[in-house]
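Remarks on the structure that follows.
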Amino acid sequence: MHPAVAVGLVFGGCCSNVVFLELLAREFPGCGNIVTFSQFLFIAVEGFIFEADFGRKRPAIPIRNYFIMVAMFFTVSVVNNYALNLNIAMPLHMIFRSGSLIASMALGIIILKKRYSVSKYTSIALVSLGIFTCTFMSAKQVASDSSLNQEDGPQAFLWWLLGIAALTFALLMSARMGIFQETLYQKFGKHSKEALFYNHALPLPGFLLLAPNIYQHAVLFSQSELFQVPVIGLTLPIMWFYLLMNVITQYVCIRGVFILTTECTSLTVTLVVTLRKFVSLIFSILYFQNPFTAWHWLGTAFVFLGTLMYAEVWNSLRLLLARCRGRRRKGE
């Protein structure tokens, strides 16, 4: 498949997914579990049919390693979704998760004993500063909003702090999972599609622990207003429609990233994913009218500037310009 198609899948799928997730979270902030379960179930069924060949294909990586990876993956997914129920706004949620470079570098230094260039450390400093700026300004907003009700104010701020702690934990756990996955790929070879299937299929029994919450939100979704799906004319509760679209766009997003990793360099993948996050952030702020001050914009700029610097986009642009000049001179 052409890389341009993969880029289109990433932008179309991931950006649409954020929209439907926010539509769900705005109506029912605690719906993260049913959303995660639906995504896992859909991808697991698709992988069972097309990747595992109905269970007849043996995994290339020993199954015990997948159980370790799955425990990390399941924890990260649930904690990230649950953070939305802890006074964490969607823009801050997206920006905070963009700080995965910080966690990856920190754990790379500690666990893999890696060393980085000055530009890499500078980029991480910019990302850290951006996240700190957005976090601090959001904290002031929460404190200001809660001051209207002195009784609920401290409690709201404590829930917000718990949300920040949850996002931090998920960030570090996600980075640790990345290092573990990198080690597995070095040892057994790259099997991204297989890992995608097992990461979503093996955790499914764990959702039994969340069954009451999932059932509760399924009932609430069924009680939402009816919506007629365009073109096909099917009528169903609007929250189920949002959930269906969220699941489909999540699958498109993940498949797009997978195709991109097989067709392009890691630099291109990093750039596309970073730009996708930026587009999603801008759309979320403008369309849903989320509170965003000039300080938030500055913090956002630091996050994405640092990410692009980490990916060495500037060096690639210099090389590209140098090649263009060289071709022009040859043409002369």
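Glycine is treated like the rest: Cβ placed from N, Cα and C.
Quick caveat, the model's predicted, so the values are computed rather than measured.
Per TrEMBL, the features are:
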{"type": "TRANSMEM", "residues": "32-54", "note": "transmembrane segment"}
{"type": "TRANSMEM", "residues": "66-84", "note": "transmembrane segment"}
{"type": "TRANSMEM", "residues": "90-112", "note": "transmembrane segment"}
{"type": "TRANSMEM", "residues": "156-175", "note": "transmembrane segment"}
{"type": "TRANSMEM", "residues": "196-215", "note": "transmembrane segment"}
{"type": "TRANSMEM", "residues": "227-245", "note": "transmembrane segment"}
{"type": "TRANSMEM", "residues": "257-288", "note": "transmembrane segment"}
{"type": "TRANSMEM", "residues": "294-321", "note": "transmembrane segment"}
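Counting Cβ pairs closer than 8 Å to the transmembrane segment (196-215), the top stretch among 32-54, 66-84, 156-175, 227-245 is 32-54. Beyond its flanks by at least six residues, the transmembrane segment (32-54) meets 21, 24-25, 77-78, 80-82, 84-85, 193-194, 196-198, 200-201, 203-204, 207, 210, 213-214, 217-218, 221, 243, 246-248, 250-251, 254 of its own chain at Cβ-Cβ distances under 8 Å. Long-range contacts of the transmembrane segment (227-245) within its own chain (CB-CB distance under 8 A, at least 6 residues past either end) are made by residues 16, 20, 23-24, 27-28, 34-35, 38, 220-221.
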